[in-house]
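Visitor: Pulled these features from TrEMBL for this protein:
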{"type": "REGION", "residues": "A:1-20", "note": "region 'Disordered'"}
{"type": "DOMAIN", "residues": "A:29-199", "note": "domain 'CobW/HypB/UreG nucleotide-binding'"}
{"type": "BINDING", "residues": "A:33, A:34, A:35, A:36, A:37, A:38, A:39, A:40", "note": "GTP binding site"}
């Protein structure tokens, strides 16, 4: 028994930066946001952008199906053993914030089975504007909203929009068709976020993905420094 | 001991993964066996006196000091459904994490080390209660209450059942739960002398069959 060993204390059960063997664990980045805003598509785009340079894995939190995990498998963005699905009992925000135990188990199992990993993306099930990730589960979080959900969302604020480490405003290519004012969304987001970054992204147009990937690389550099 | 520790452990918000499980209620709802508060009460009563009693006795026996390995094997033998065994071990693994953070103890560390993929949930619950300085009857209460509170809250979500009615079901079951807790502790004391084989082996076949059915669904709200 090594009860006094720093990595066997209670901290080792969640947010400790080290694994039980003393090695540094993977950086964990959460992606949350409303239903249909493009979280899974953003995860897929990030995997394609980063998989050749990093050892990656993904945890999905589907609300009642395995659709998100299956989408990633179908798109073949990562080998199947690098994608794990967590079941959330009708409460996606509980699984990423109030009771993170199933997600912690999933990230640790991924590190055990396909590690060493540099980065684990934890995708929340689609939820409401108040859903944020616990700091015991992720090191940084991305909140994904889209222009079709209404251009007043940045102004309305809420924990996801105001506190996420990165805000992605997705589907900018749709703005003219849904009457959303992109400039207003960007200005409102800037006003709500006290200097935290915002990326305008269009996965169809191919814009913004490189900025999100660059932000992830910066986070990883800070994590491994 | 601290009696308040029991409130911490029995709180539905204790972060040990239980919120994602329905205790068999999702399968029972789909099969048409729970359609109302009355059906929920019947279901919970059945669960209390079968899976609940077994879980309560296992948890109480762990507090008394029956070796966790023996209890885990006894739990396996009393759980025919592979899906239910898997769910019980996942919940046990999740509980051991929350328990070690809440009540650090060498016994919980040993349990985590000896069962890296999780021991059966009631066994972990008992070792946790022991670490928290609780009595065997406290652990039995906790296990028995969880055996009915999980299905009740899940049914509120599954059927949009009136939450006041669901809570009324739990309140009406309280006197039976008191008696079941006493029975569980008595059985646990037997097991201390006679071995884990002396623990109750009551089972609800429909719970076991329902769990196997449920595990094969492609679309479901709960993990079990």
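Think of each number as a place in line: the chain as shown, counted from 1.
Glycine is treated like the rest: Cβ placed from N, Cα and C.
Neighbours and distances for these, please.
Guide: Confidence over the domain 'CobW/HypB/UreG nucleotide-binding' (A:29-199), given as mean pLDDT on the 0 to 100 scale, stands at 93.
Cβ-based neighbour count (10 Å, all protein chains) for residue A:33 (GTP binding site) stands at 30.
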Visitor: Who sits close to residue A:38 (GTP binding site): which same-chain residues at least 6 apart have their Cβ under 8 Å from its Cβ?
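Guide: Those within reach of residue A:38 (GTP binding site), by Cβ under 8 Å and sequence separation of 6 or more, are A:144, A:146, A:168, A:170, A:171, A:201, A:203.
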Visitor: Determine the most Cβ-crowded residue among the binding-site residues A:34, A:36, using a 10 Å radius around each Cβ and all protein chains in the structure.
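Guide: Counting Cβ neighbours within 10 Å, the top one is A:34.
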Visitor: Who sits close to residue A:37 (GTP binding site): which same-chain residues at least 6 apart have their Cβ under 8 Å from its Cβ?
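Guide: Residue A:37 (GTP binding site) has long-range Cβ partners A:126, A:144, A:145, A:146, A:149, A:170, A:171.
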